[in-house]
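K.L.:
The following feature annotations were taken from TrEMBL:
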- 21-148: domain 'RDD' (DOMAIN)
- 21-47: transmembrane segment (TRANSMEM)
- 67-84: transmembrane segment (TRANSMEM)
- 116-135: transmembrane segment (TRANSMEM)
Amino acid sequence: MNSPFNDRDLRDLQQMAGPQYAGFWIRVAASIIDSLLIACLTTPLAYLFYGAEYWSSDDLAAGPVDVLLTWVLPAVAVVLFWLYRQATPGKMLFGLRVVDARSGATLGVGQAIGRYLAYFVAAIPLLLGLIWVAFDGRKQGWHDKLAGTVVVKKD
């Protein structure tokens, strides 16, 4: 069946309708991919610094390098991806971008750091702030609302 609209007309209509917000399940899939990539980076480094006993220890943290590997390195990587690519690798794979909710612009440094820290606020009450994405009109989790961000599909 032929459409009365050509591709350009359809793109123009989509732009007039506003951004397409990324839903819950696609964001979950992107997060799983990102977590696996971070594990692929940090696991060999942990083995290099601490050896096999790292995984059999009852200690919550093996030392300062452990804190750097498990907390600082992932945080810095995620924030840098948001600042320079508007997405982590998992989000890029699905054609998603993290942008300022008001302007659609790239996040500022403070906004990106705030969004990362707000993940902890969103996760503390039984992950409710993350699950919120499934029910929110703009598909924002609490971390998005606190930082003033949205996750959108690329044009």
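Keep in mind that glycine also has a Cβ here, set from the backbone N, Cα and C atoms.
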K.L.:
Over the span of the domain 'RDD' (21-148), count residues by DSSP class, listing helix, strand and coil in order.
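P.N.:
Looking at the domain 'RDD' (21-148) with DSSP, the answer is 86 helix, 6 strand, 36 coil.
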K.L.:
Across the domain 'RDD' (21-148), what does the mean pLDDT come to, as a whole number?
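P.N.:
In the predicted model, the domain 'RDD' (21-148) has a mean pLDDT of 95.
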